Structure formats: C-alpha cells, structure tokens
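Record features (Swiss-Prot):
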type    : residues                                     : note
BINDING : 53, 158-161, 181, 200, 231, 248-251, 271-273 : NADP(+) binding site
MOD_RES : 2                                            : N-acetylalanine
MOD_RES : 23                                           : N6-acetyllysine
MOD_RES : 35                                           : phosphoserine
MOD_RES : 186                                          : N6-acetyllysine
MOD_RES : 298                                          : N6-succinyllysine
C-alpha cells in the first residue's frame, strides 16, 4: 500500500455464495473520484433483495470478484472529480447506483446518478429513496402506463418498493389496493396510500380482492408484483380487460396457463430499473422532488443493521416474514 492512502471499513465478497461470503474488512483503500465521479461519506445504505441474488451468483449480472455490494447510498460528499460542477464537498446527497459499492464507509458514484438530499429527509430516509422509488416510478408509468382513475394492486406492499408504489399511485389518482403478511404490515400499507389492504397469508384473500373490485368481470387494471413465482397465476385471474401485471420481483419459476391472458388480452411485463435512460432517471427524480416538497414522499424505514451485520441483513431480507419498510445498513 502506498504511503498516505486512506483506509476504510467495507464489506467485500471474494466468492459467490450464501450470506457468509460477506466479509467485513477494515483495510480497504478509500477510492479516489475520477473526472465525473464523487466520493460520498456513507451515512446509510439500503439493502435490496437483488443484492442477495448477485451475491449468490445466481443473477444474470455477475460483478468481477472481489466486489462490495450496495447501491442505495445517502451521505455527504467528501470530494469530487475535476469535471464535476453540480456538486461540491459537504453536499447532502443520495444515489441509486455506486461505482465502488455502498456497503462501505465511503463510496464512489457517477455524478449523473446522485441527487441532492433535502434537509427535510434524514440519511436513513435518503437510503430508502433511490432504487425503491425509482423502481416504483418505472413500474407504474413506464411499464404499466398507469393512468389516474385506474386501479392498481400492489402485491407485496409493505416492503420498500411496495410502500413507495402505494404513495406514488395514490398521489397520481389511482385506486390503490395492497397486500401484506401481518397486521403491522397492513396498517403500514393503509398509512402510506392504499385505499384497501388484504392479508396475503389468508387462504381466501384473492376472493376478497375480487369482491372489493365489485363486478367480477371488471378486475384490476394494474398489478405491481413483488413475488411473481408465487402469485403470477392468480394475478392473471384478477386482471381487467387489457390489464397489466408488472413483475418487479421473482425468486424462481412458476407455471401459468397462457389462456388466462387471452380472453381479456392482458399483458405480463418485466421491469428492470437499469434499463432506464438518463432522461428517464431525471423524470423519476423530478417526480420524487415534487413529492418531497408536497409531503407525499415519505420513505418508511424497517430493520436497521450496523455494517458488520450485513450477512444477517441478507438472511433476513429473504427469509424474514412480514417485512415492513426499507432495510438499511447504518454507518
């Protein structure tokens, strides 16, 4: 190591596998920002299910080893590259993507992936903005083309993306239905924009949703699906004519009957936030900024972990039951 290099604590992954491959190291060199990059002193970093898929080696995208996970960072800019003009040292920011990984005391990010963090939100909330809210925006407006007056079922609404979807959909004039797996989760979903909420652990909850919609032939216009490998077949039976299921999360295969899409001419659409253009990200950020100013963007924080408990966070985000709010690491 060259003399004068600063060191930091960071989670490093040297091999793909279970949560135990997340290793805390205290001698990781603090990266230096290049021309269009900033170095962020991380105060909080969101934990997302996709990070567990990448860590396991089962995801389509495999980072070069070793690597540091983490995208949803909130913190204070420590330094900027020589071509960065929109940000400066000391600015409070959040981002939806990092160059060097967010499970660390410092993280590099490209200057077109970071946004000012308003003083009205703390760093915990900032770490819950990027991927959850941008994914919700893309799912609702890019993938589903949702419109005011339509109905939307958020299937798995008590997590970070689900609650963000409820808030955004309610603010844009949709009738919002949600599901959760606990009484606490149901209450939280109602507090964050849903008109009605159902317990997806009850055997007859699908029938209750159908009754709520009213006309059995009408159905739900849009379903934002967080666990397609369990719910997609039922989703297709809940849709209205021309209805759309947007798949945000899936942990395995599922058998469906394509005939369920034919009579009502329904669609199944996948969503990938990383497919968004820079212009689309700017649109999402503008929508969030307006929501923050008007008060309907209210990130809900769930479980909090110190950096050294990252492996436990990965275990809990997949196997924990009745998750509510956004899971974060605190630094």
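Positions of Cβ are set from backbone N, Cα and C atoms, glycine also.
Sparsest Cβ environment among the recorded positions 200, 298 (other Cβ atoms counted within 10 Å): 298. For the recorded site, residue 23 (N6-acetyllysine), the DSSP three-state label reads strand. Using a 10 Å Cα-Cα cut-off from residue 271 (NADP(+) binding site), none of the modified residues among 23, 186, 298 qualify. Between the CA atoms of residue 250 (NADP(+) binding site) and the residue listed as 'N6-succinyllysine' there is a gap of 26 Å, rounded to the nearest whole number. For the modified residues 23, 186, the ranking by surrounding Cβ atoms (within 10 Å, all protein chains) places 186 first. Its Cβ placed at the centre, residue 35 (phosphoserine) has 10 other Cβ atoms within 10 Å. The Cβ of 250 has fewer other Cβ atoms within 10 Å than any other of the binding-site residues 161, 248, 250, 271, 273. Residue 159 (NADP(+) binding site) falls within a strand segment according to DSSP. For residue 53 (NADP(+) binding site) paired with residue 23 (N6-acetyllysine), the C-alpha to C-alpha distance reads 17 Å. Reported as a whole number, the C-alpha separation between residue 159 (NADP(+) binding site) and residue 186 (N6-acetyllysine) equals 11 Å.
Around residue 53 (NADP(+) binding site), taking its Cβ as the centre, 17 other Cβ atoms fall within 10 Å, counting all chains. Here the C-alpha separation of residue 200 (NADP(+) binding site) and residue 186 (N6-acetyllysine) works out to 10 Å.
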